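Student: Let me give you the structure first, and then I'll get to my questions.
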Amino acid sequence: MHHATTAPAISYYDYIIVGGGTAGCPLAATLSQTASVLLLERGGSPYGNPNITDLAAFGKALFDLSPSSPSQRFISEDGVINARARVLGGGSCLNAGFYSRAPSQYVHAAGWDGRLVNESYRWVEKVVAFEPPMKQWQSAVKDGLLEAGVDPYNGFTYDHLPGTKLGGTIFDVEGLRHTAADLLRFANPKGLTVMLHASVHKILFKLKGRNRPLAQGVVFRDASGKKHRAYLKSGPKNEIIVSSGALGSPQLLMLSGVGPSAHLKAHNITVVLDQPWVGEGMSDNPMNAVFVPSPHTVEVSLIQVVGITQFGSYIEAASGEPFVSSPTQKDYFGMFSPKIGQLSTVPPKQRTPEALEQAIKAMEALDPAVIRGGFLLEKIYGPLSTGHLELRTKNPNDNPSVTFNYFKDPRDVQRCVDGLKVIETVIESKAFSQFRYDYLQLPVLLNMTVNAPINLLPKHANDTTSLEQFCKDTVMTIWHYHGGCQVGKVVDSEYRVLGVDNLRIIDGSTFNYSPGTNPQATVMMLGRYMGVKILQERLKK
């Protein structure tokens, strides 16, 4: 790894990859076997940062709002507070670690080669995937899901199977995180150059004497603001590949002149290709969580057990007292903490900085005994609701404006309601009885936690309208947003940008739906899968 300040003013490579994230790292490692590759990452290294590596510190990186943070906060126009990665390894450095493959139907619908897909998953799993230890609270969730009819029990598996299962995790038995950056150990060191703090400002196109624009290089700036250019070596198979994620990839296309022409002209950007689909189809799978107070101490756990229902809702759970085990760091809610922007007790548009501050103070004032327990969450498949992304400024380091339109499609609302009903059944199950208060005691507990920034199911949980409202008012992100450069609209089935030569996009921005319960396994797989396909193509005469 090198700081971009050490980069030459001009350099030449066979492949230039923009974004060293969940897809970019496995892609770069693979292409470096027989070609020269430049991997440009706008963030720093994940190594030596305990906020990234330690399970017990989950959420600290998301709470770090400094310019050097591995996480960059953004707020969608819907009002939901969210985050994007700014670190080598991408979202795999920030997430809750759950590792699960896409359903076989998803692979088939994408037109992927099933055999190579499985080989690519296994390549990834050699380094980053582990079986989590299943302790009492997660076991109770598992048994409660089975009692609720989310069966059969499929045991520990990376595969996406209807029923209840124990999935994989990128945290090892010591509680240390393994990220997509670790896949760079498979790279050919002679073939790969990794530049950190390298912010790509635009893709350079050759237009003269051509029917179609030809991507030929990129302009990037280092941490001191100095400009560098990297170009493709001459050769018909050489390419620029954008792997900057669902916000970064459509944003970079627009900044480079590929996007809806009226929008580009409004920002005084020269139009290279009028492409109205860039930035369209933005989706974020809504997450709704219910806090379950426990009379007993529960283990610290992130996502381990998942219930894959037949109606398009996934039930997952996380627990801990507190989530962050240091007594000086009073943060009881981990991935549901107001410190990381997960404020669900007020509707999205009311989640102001003041409301967040108030929620953090309320959380810190709570008696730990009151909020022992964990969260049951549901995330819906798809989703069917979509929105769009637009530029705010011409600075690639600024967040674009993004609207996800959570629950715009009534079928998404129904999936959420059905998922909450399963959660209610799990809470009331015999298996879960030791981890819940008898309902007579619950009102007492509620009075104690009346100001707590946590969600409990509406008192009239059988009232469908209140559940529908609960879905809309308490929506949070589980960071599975995707779209903006979708297959069939912006790229073809081989991820080549339509209407342009020598340019591909390989990341979650190409997805129409989020793959399976949690996308990171499939995003890493896709980086490896497409790397192999591109090299196979390169070796053909």
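In case you wondered, yes, glycine gets a Cβ from its N, Cα and C as well.
Automatic, uncurated: that is what TrEMBL annotation is.
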Student: According to TrEMBL, Cys471 takes part in a disulfide bond; indicate which of Cys93, Cys416 is its partner.
Tutor: Cys416
Student: Do any residues of this chain, six or more beyond the ends of the domain 'Glucose-methanol-choline oxidoreductase N-terminal' (245-259), have a C-beta under 8 angstroms from a C-beta of it, and if so which?
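Tutor: 18-19, 21, 74, 84-85, 90-91, 200-205, 213, 267, 269-276, 278-279, 282, 389, 391, 394, 396, 399-400, 402, 481-485, 490, 497, 500, 505, 507-509.
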Student: From the DSSP assignment alone, can you count helix, strand and coil residues within the domain 'Glucose-methanol-choline oxidoreductase N-terminal' (245-259)?
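Tutor: Once the DSSP states are binned, the domain 'Glucose-methanol-choline oxidoreductase N-terminal' (245-259) shows 11 helix, 2 strand, 2 coil.
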Student: I want to check the contact list for Pro519 (FAD binding site): same chain, sequence separation of six or more, C-beta distance under 8 angstroms. What comes out?
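Tutor: In sequence order, the residues whose Cβ lies under 8 Å from that of Pro519 (FAD binding site) (at least 6 apart) are His480, His482, Gly508, Phe511.
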Student: Please report the Cα separation of Gln520 (FAD binding site) and Cys471 (disulfide bond) in Å, rounded to an integer.
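Tutor: Here the two Cα atoms lie 25 Å apart.
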